[in-house]
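Novice: Quick one: this structure, given as structure tokens, is what I'll be asking you about.
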Amino acid sequence: MGTLFMRIIISVLMLAGSLMFALSSSNPLLVFPAAVCVSAGGVQLLVVNLQISNLFGRNKWIVMTIFCGCFDSSAWVFLVVKVLYENFGFQVQTSFFILAGSTFVFTLNTFVLLPKKGHIPWPLPPDYYTNQRSGKTLNIHEDETLHAYSNAIKDTEGKHHPKREDDEALEEPDPREAKKVENNEVSEYYNGACGNGLPNGVSGESADQDGNSTLASPSNPLSKDFPSLRACVMSPLFGLFYLWFSILQLDVLFFVSTLNPVLTKLADNDEQLVSSYTNALAFIQLGGILCAPFSGLIVSRNKRRHRCLNKDKEEERLEGRGPYSDQKDAALAYATCTTICLIFGVCGILPILEAQYATFVLSVMSRSFVYSLTASGTSLFFPMEYFGTLYGLLILLSAVFSLLQYPLFIITQRLLNDNDFWVKIGLLSASLLTYSLSIYVFLHARKKEKAWQCGDQTTNHRTGQRTLADNPL
């Protein structure tokens, strides 16, 4: 259907939801459909915007997590509405009318910035960008080779050389150096800010009409591991990924749902004190924008340049990266997220009012890591052509899993006399199970990487044999 169609649908949902919120004072029944419209539109807006990260190459995961952090921190808008109403007498209806008008802003940039048809591809094809100096499309030839996993380039002797950040500032070339500069710009496209860092790509060679070898667009080995959408959904990786996301999201949602009665109990029914704590939580949620990129930094930590002082070791490390290296690196990010959620769960059990500030900070960190790693993991573990479907399916299935909140509420109120201690202990125990994703991802990626390296060595050996056969002594 394309980006334009989806953004128009999103605009309609957000506009309808904001208007129904504004009119709900006279008809409270409008609150529920308004919440549904805003929630559905917000999630779809996130999914559509995540394709923009494809333009940032090796920084793709960081940009993707920033978008997720913005989505996670969006609740602070309601804090602004609340503060304007309580302190300045600004009508809530007026605030929602303003929010309804803001939908026209991101509708406008759909026509200006985003593709009208289709979506931004990943990996980016070689001709996606045009040369900013000459206005011509950059063509990829055999002398501009691509190393998709290490952000390195190869010279004519086949040696890897990590690209330096200061190499990006090229001087204006003279006509005699035009061809050389064009080649450098192509390398910048693949190895600089725009086109490197492909997590699962392999560079392939194809022949043109004259029989010359040219560099083709990177292919995705995950397409062989998951040839269909059914193969993705039925895989153990998707099952563990869904379990990880659903359990950790349930922890956060149960905390938010029970926050007001817990604060009321700890504050001895002091409504003003409870209001100050809820305002603090809403303000702290703005920090999700700052927390989310750290998960992307953890995932792409080994793609940074100059990690080793020894150039030989650095060259060896870059050459050793394969199509599953990013997945193996991501295992630490998911383990870190689980650890943060466990600490958050422990703090949430403490019956100390002042300790809730630490719980608020950890809740924001947990939410930002969970949502950002869910989005980045969907594009990292599975072929990109299934990203929208799989991510939407994860959101849908996790929403069904989140319905467990209601039986947990009933157990807390009727069986435990409004004491949620044992329920939180159960959720904390369930969170321990989410370490299984990190373990599985690491072992699975290591196994696949070893198989890939063996296959690569076999291919090189066969190539060498063909070379000796073609050029006998």
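Any Cβ shown, glycine's included, is placed from N, Cα and C.
Nobody curates TrEMBL annotations by hand; they come from automatic prediction.
Below, the features straight out of TrEMBL:
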- 5-23: transmembrane segment (TRANSMEM)
- 29-49: transmembrane segment (TRANSMEM)
- 61-84: transmembrane segment (TRANSMEM)
- 96-114: transmembrane segment (TRANSMEM)
- 153-183: region 'Disordered' (REGION)
- 154-166: compositional bias 'Basic and acidic residues' (COMPBIAS)
- 173-183: compositional bias 'Basic and acidic residues' (COMPBIAS)
- 200-220: region 'Disordered' (REGION)
- 209-220: compositional bias 'Polar residues' (COMPBIAS)
- 237-257: transmembrane segment (TRANSMEM)
- 277-299: transmembrane segment (TRANSMEM)
- 331-353: transmembrane segment (TRANSMEM)
- 359-382: transmembrane segment (TRANSMEM)
- 389-409: transmembrane segment (TRANSMEM)
- 421-443: transmembrane segment (TRANSMEM)
Novice: Determine which recorded stretch among 5-23, 277-299, 359-382 has the most C-beta pairs below 8 angstroms with the transmembrane segment (389-409).
Specialist: 359-382
Novice: Out of 61-84, 96-114, 277-299, what stretch is closest in contact terms to the transmembrane segment (5-23), meaning most Cβ pairs under 8 angstroms?
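Specialist: Comparing 61-84, 96-114, 277-299 against the transmembrane segment (5-23), the winner is 96-114.
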Novice: Examine the transmembrane segment (237-257) against the transmembrane segment (359-382) and state whether at least 3 Cβ pairs sit under 8 A, considering only residue pairs 6 or more apart.
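Specialist: Contact confirmed: at least 3 Cβ pairs fall under 8 Å.
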Novice: Which of 96-114, 277-299, 331-353, 359-382, 421-443 shares the most C-beta pairs under 8 angstroms with the transmembrane segment (61-84)?
Specialist: 277-299
Novice: Per the 3+ Cβ pairs under 8 Å rule, pairs at least 6 apart in sequence, do the transmembrane segment (359-382) and the transmembrane segment (277-299) touch?
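Specialist: Contact criterion met.
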Novice: Under 8 Å between C-beta atoms and at least six residues away from its ends: which parts of the chain pack against the transmembrane segment (421-443)?
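Specialist: For the transmembrane segment (421-443), the sequence-distant neighbours (Cβ-Cβ under 8 Å, at least 6 residues beyond its ends) are 236-237, 240-241, 243-244, 247-248, 250-251, 254, 327-328, 330-332, 334-335, 338, 341-342, 345-346, 348-349, 381, 408, 411-412.
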Novice: When you scan the chain for residues with a C-beta under 8 Å from the transmembrane segment (277-299), skipping those not six or more beyond its ends, what do you find?
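Specialist: Contacts with the transmembrane segment (277-299): 59, 61-66, 68-70, 72-73, 75-76, 78-79, 82-83, 259-260, 263, 267, 326, 329-330, 332-333, 336-337, 353, 356-357, 360-361, 363-365, 367-369, 371-373, 376, 380.
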